[in-house]
Amino acid sequence: MPEEVLRQAAEQMLDWQGSGMGVMEMSHRGKEFGQILAEAQADLRALLAVPAHFQILFMQGGGLGENAIVPLNLSRGGVVDFVVTGSWSAKSHKEAARYAQPHLAASNADSGHTDVPAPEQWALSESASYVHLCSNETINGIEFQQLPDLAALGSRAPLVIDFSSHVASRPVDWSRVGLAFGGAQKNIGPAGLTIVIVREDLLGHALPICPSAFNYRTVADNQSMYNTPPTWGIYVAGLTFKWLLAQREGSLSGVAAMEQRNIAKADLLYGAIDSSQLYVNKVARAWRSRMNVPFQLRDESRNQAFLDGAREAGLLQLKGHKSVGGMRASIYNAMPLAGVQALVSYMREFERLHA
Ligand code: PMP
């Protein structure tokens, strides 16, 4: 989280803009929260340049909830194509089998989730109701640098992306997307809010068993207030959207500015890894994530010493996911370049001492 946003939230915790109430104490149907929600939606639309024919929904259930909610709404019980590039898309693929007929169009399991088959090689179905991919695999550190043009690949299906872990870190090409979903807890705000951005024509096709509170049509028709929305999460997300909109990098602003910073941060860290004898990142260069950088120590017996020293240097949460091992630096939007510089200096010093 950007510190500025946390400070603002703290300042207004007990009294939001002189209303005499904190956001957590407001009725979600009152005019104050109505204003917070409308502004958050409008700011997110501006920030991500979401076209008018897309709806922005604020939901609950997280990324894993959407693994069920998407097929319940979009699959019509039929075939759905999955491109599996790591842990999260593998989970999505598995969950969809409860509601639809998932078809594995492509997988990078052979490479140990380190490379991705070219889109031209994907075995897309004739009649899939959508194609699912995870545009940034948080655990494996794989990111789509551009989204596939499904029409050019011969598919008529809309593309569904799980952009949980890189939302707002770069622009989105909406001409290639039918639906994007993401938990807020990486780049946007506290856990508990799930963002769904969906093309109008994909609403209204939910399976009869779809819970009403998870039916996109119902959520859209009720301005994300069919049931009580995660009000605090929406409020803090709204503060983050304003913070993001105000970011500048030369002539760029908003997510374009963030993208420049994220490129600089990622280049610095990958450069340090690639030029070292101790650290290694196994992801094919074209697919390396700007947000999540997994790396291993060639001498794994040094792992604990690396983590202990990092902690002493104030560098936290570097232990890699247990399925990948080693280390992982998550350098989300709110991580400043100085944070990555500190990590790189520590890594160099550790290598020098332990070479
Ligand atoms: N998808 C991706 C890409 C994720 O990074 C995560 C969480 N790390 C999830 C899905 C699952 O999200 P949640 O825990 O909000 O269900």
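Cβ atoms are placed via backbone N, Cα and C, with glycine included.
Caution: TrEMBL annotation is automatic and unverified by curators.
Residues or ranges marked as domain 'Aminotransferase class V' by TrEMBL: 2-343.
In sequence order, MET225 make up the list of same-chain residues 6 or more apart from ARG29 (L-glutamate binding site) whose Cβ falls under 8 Å from its Cβ. Marked as L-glutamate binding site by TrEMBL: ARG29.
Less than 8 angstroms from the CB of THR138 (pyridoxal 5'-phosphate binding site) sit GLY86, SER87, TRP88, SER164, SER165, LYS186, MET291, ASN292, SER330, each of them six or more residues away in the same chain. In this structure, THR138 (pyridoxal 5'-phosphate binding site) belongs to neither helix nor strand by DSSP; it is coil. Feature annotation from TrEMBL assigns pyridoxal 5'-phosphate binding site to TRP88, THR138, ASP162, GLN185, ASN227, THR228.
Annotation source TrEMBL lists N6-(pyridoxal phosphate)lysine at LYS186. Of all the Cβ atoms in the protein chains shown, 24 others lie within 10 Å of the Cβ of LYS186 (N6-(pyridoxal phosphate)lysine).
TRP88, ASP162 are the binding-site residues among TRP88, ASP162, ASN227 whose C-beta comes within less than 6 Å of an atom of ligand 1, given in sequence order. Residues TRP88, THR138, ASP162, GLN185, ASN227, THR228 are recorded as binding pyridoxal 5'-phosphate; their most distant pair of Cα atoms lies 30 Å apart.
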